[in-house]
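Peer 1: Below are the structure tokens for one structure; questions will follow.
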Amino acid sequence: MSQIETFYDVMRRQGITRRSFLKYCSLTAAALGLGPAFAPKIAHAMENKERTPVLWLHGLECTCCSESFIRSAHPLVKDVVLSMISLDYDDTLMASAGHQAEAILEETIQKYKGKYILAVEGNPPLNEDGMFCIVGGKPFLDQLKHAAKDAAAIIAWGSCASWGCVQAARPNPTQAVPIHKVITDKPIIKVPGCPPIAEVMTGVITYMLTFGTLPELDRQGRPKMFYSQRIHDKCYRRPHFDAGQFVEQWDDEGARKGYCLYKVGCKGPTTYNACSTVRWNEGTSFPIQAGHGCIGCSEDGFWDKGSFYDRLTDIHQFGIEKNADEIGTAVAGGVGAAIAAHAAVSAIKRAQHKGDQE
Amino acid sequence: MHDSAEQTTAEHDKPITRRQTAVYVYEAPVRLWHWVTVLSVITLGITGYFIGVPLPTMPGEAIDNYLMGYIRFAHFTAGYIVAIAFIGRIYWALVGNSHARELFCPPLFRKRFWQEVGHELRWYFFLEKTPKKYIGHNPLAQLAMFFFFVLGMTFMIITGFALYGEGLGQGSWADIAFGWVIPLFGQSQDVHTWHRLGMWFLVVFVMTHVYVAIREDIMSRQSLISTMVGGWRMFKDDRPD
């Protein structure tokens with residue numbers, strides 16, 4: 001290449017004015033939770049850095065991540081950064097199909113060896129040599145490993161790629177596994193959720209494209225800027241929780257008044273996500289605001305934690321499904337009965353031998 | 001009179017009577033720790049139960065109520081107290097008398113220890129007529145204390161502070177020290193579930209502990225309850241062990 005192609009070059013070629021470009025930079029800085037001082041830095045990066053292509057693969061999935069993504073509230077982020085500039089391969093969104101599409105994938109991998117970002121939606125099934133998910137005539141597992149080999153970094157979109165989600169729920173007949181089980185030599189950024197919030201997805205990808213580094217991750221590999229707090233910590237119904245005011249029934253006075261949904265099984269206190277701050281569909285609402293508890297879709301194995309309407313998890317280790325309180329009450333009751341019986345026998349024995357010992 | 005008594009003992013070659021009726025067993029810090037832990041565990045059990053399954057909804061405006069806030073505050077405060085007291089107790093195991101160490105290191109590899117555990121078990125199954133005398137814990141009690149209380153309490157402190165760290169936020173001391181526990185169990189809800197099971201584990205321990213303490217106080221050959229108050233172990237007879 002005679003001259004490097006920057007993000008800015010591509011943007012201008014697409015007819016974006018400099019004014020719109022700068023607006024986009026400030027918007028992105030705000031969306032990422034960065035200060036105003038970062039807008040010029042983003043602009044500088046986009047004007048001078050070679051564009052980073054993104055390859056978007058689809059494994060075993062429902063495509064809800066893509067559905068969420070194309071509803072991003074910041075159209076500039078979606079259309080400009082990804083559709084026009086950087087998204088080189090995404091078999092559900094791209095115009096080309098068949099051999100043509102697969103050729104683009106191959107071309108990008110060759111041309112940008114070690115530089116492109118691989119985004120994975122869905123996950124690979126391992127059973128039957130990966131035959132439960134075939135892309136372009138080959139198991140998805142092979143495509144994933146092939147594309148991951150030369151990637152700079154990998155983004156795991158959604159709960160499927162991050163944790164396994166519904167296809168990995170018990171009994172998991174296809175033996176679907178999260179991508180970190182098959183790709184062990186690359187940094188993986190987990191963006192869990194079923195689906196993840198559109199602004200979170202574009203925010204993560206924009207951060208990586210502009211700064212060329214991974215966002216700061218927590219212990220489980222999730223970007224701290226969006227996953228460092230629980231839904232509960234920033235929930236607008238939190239004052240009702242602290243006050244002890246709960247929805248007890250779906251049609252009671254508390255439900256009408258918008259009390260805390262803890263008692264009807266809201267998983268907000270155990271779910272790390274940005275729903276209560278970023279919200280959904282251009283910031284319109286999120287599940288709790290709509291009157292239903294959080295189901296914890298961005299948490300590991302959320303399908304296997306029992307009812308969506310119960311705070312206590314079902315425990316399967318005992319053969320029958322019981323929660324901690326049912327087990328605890330049964331055991332404590334049993335021990336109580338044993339103590340009573342033992343005390344009775346002790347009293348009888350003592351009465352029989354009264355005077356023997358002294 | 002006195003002489004003749006000694007004479008008889010020698011004549012019949014009876015075992016030497018131990019004329020010791022009281023031994024100082026539990027030093028003040030151990031007793032203080034015991035009762036602090038009792039109060040804290042009761043508080044933790046009750047408040048913890050109601051954090052998991054809250055009380056009926058409070059009437060009025062949210063601004064006039066703070067019930068869950070108070071319950072959680074009591075739980076966290078009692079949690080801190082029980083944890084600090086537990087650390088203090090471990091310290092006392094190192095510097096206190098030999099009885100202070102019994103809780104933490106049962107002699108699991110000593111044959112005689114297991115024989116005596118067997119004897120205690122037979123005593124509890126009404127197969128032995130007389131129990132043995134012990135200055136400290138009897139071997140079965142020592143075993144139960146270690147597996148139910150020491151391990152149970154350690155588990156509750158670790159999982160408890162891991163959950164507490166979630167509220168304090170990432171980068172807080174509890175998150176740095178105990179945050180690793182959450183991915184170890186899977187996710188936050190799993191830790192909640194295990195912490196809840198741990199509560200029931202300790203409930204069973206408390207029930208058994210209180211029953212056995214009262215029963216032994218009545219039926220064994222030494223004092224129990226008064227020992228944990230005053231520190232002195234009284235023996236009820238002069239017969240040998």
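Glycine residues also receive a Cβ, built from the backbone N, Cα and C atoms like all the rest.
Pulled the feature table from TrEMBL, pasting it below:
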type     : residues                       : note
BINDING  : A:C62, A:C65, A:C160, A:C194   : [4Fe-4S] cluster 1 binding site
BINDING  : A:H232, A:C235, A:C260, A:C266 : [4Fe-4S] cluster 2 binding site
BINDING  : A:C275, A:C294, A:C297         : [3Fe-4S] cluster binding site
DOMAIN   : A:62-207                       : domain 'NADH:ubiquinone oxidoreductase-like 20kDa subunit'
DOMAIN   : A:227-308                      : domain 'Cytochrome-c3 hydrogenase C-terminal'
TRANSMEM : A:21-39                        : transmembrane segment
Peer 1: Rounded to a whole number, how many Å is the Cα of A:C297 ([3Fe-4S] cluster binding site) away from the Cα of A:C62 ([4Fe-4S] cluster 1 binding site)?
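Peer 2: On Cα coordinates alone, these residues lie 14 Å apart.
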Peer 1: Helix, strand or coil: which one is A:C160 ([4Fe-4S] cluster 1 binding site) in, per DSSP?
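Peer 2: DSSP assigns A:C160 ([4Fe-4S] cluster 1 binding site) to helix.
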Peer 1: Rank the binding-site residues A:C62, A:C160, A:C194, A:C297 by how many other Cβ atoms lie within 10 Å of each Cβ and give me the one with the fewest.
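Peer 2: Sparsest of the binding-site residues A:C62, A:C160, A:C194, A:C297 by Cβ contacts within 10 Å: A:C62.
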Peer 1: Please state whether DSSP places A:C260 ([4Fe-4S] cluster 2 binding site) in a helix, a strand or coil.
Peer 2: strand
Peer 1: To the nearest whole angstrom, what is the C-alpha distance linking A:C194 ([4Fe-4S] cluster 1 binding site) and A:C294 ([3Fe-4S] cluster binding site)?
Peer 2: 12
Peer 1: Ranking the binding-site residues A:C65, A:C235, A:C260, A:C266, A:C294 by other Cβ atoms within 10 Å, which is at the bottom?
Peer 2: A:C235
Peer 1: When the pLDDT values for the domain 'Cytochrome-c3 hydrogenase C-terminal' (A:227-308) are averaged, what is the result?
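Peer 2: Taking every residue of the domain 'Cytochrome-c3 hydrogenase C-terminal' (A:227-308) together, the mean pLDDT is 93.
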Peer 1: C-alpha of A:C160 ([4Fe-4S] cluster 1 binding site) to C-alpha of A:C260 ([4Fe-4S] cluster 2 binding site): distance in Å?
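Peer 2: The Cα atom of A:C160 ([4Fe-4S] cluster 1 binding site) is 29 Å away from the Cα atom of A:C260 ([4Fe-4S] cluster 2 binding site).
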Peer 1: Measuring C-alpha to C-alpha, could you say which of the binding-site residues A:C62, A:C65, A:C275, A:C294 are within 10 Å of A:C266 ([4Fe-4S] cluster 2 binding site)?
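Peer 2: Of A:C62, A:C65, A:C275, A:C294, within range: A:C294.
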Peer 1: If the [4Fe-4S] cluster 2 site is taken as the center of the Cβ atoms of A:H232, A:C235, A:C260, A:C266, which further residues of that chain fall within 8 Å of it by their Cβ?
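Peer 2: Output for this site, in sequence order: A:I231, A:R237, A:R238, A:F241, A:L261, A:Y262, A:G268, A:P269, A:I288, A:G293, A:C294.
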Peer 1: Please spell out the DSSP helix, strand and coil residue counts for the domain 'Cytochrome-c3 hydrogenase C-terminal' (A:227-308).
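Peer 2: Summed over the domain 'Cytochrome-c3 hydrogenase C-terminal' (A:227-308), the classes give 29 helix, 6 strand, 47 coil.
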Peer 1: For the domain 'NADH:ubiquinone oxidoreductase-like 20kDa subunit' (A:62-207), jot down how many residues DSSP puts in helix, in strand and in coil.
Peer 2: 67 helix, 25 strand, 54 coil
Peer 1: Residues near the [4Fe-4S] cluster 1 site, A:C62, A:C65, A:C160, A:C194 excluded, by Cβ within 8 Å of the Cβ center?
Peer 2: A:E61, A:T63, A:C64, A:E121, A:G122, A:W157, A:G158, A:S159, A:C165, A:V166, A:P195
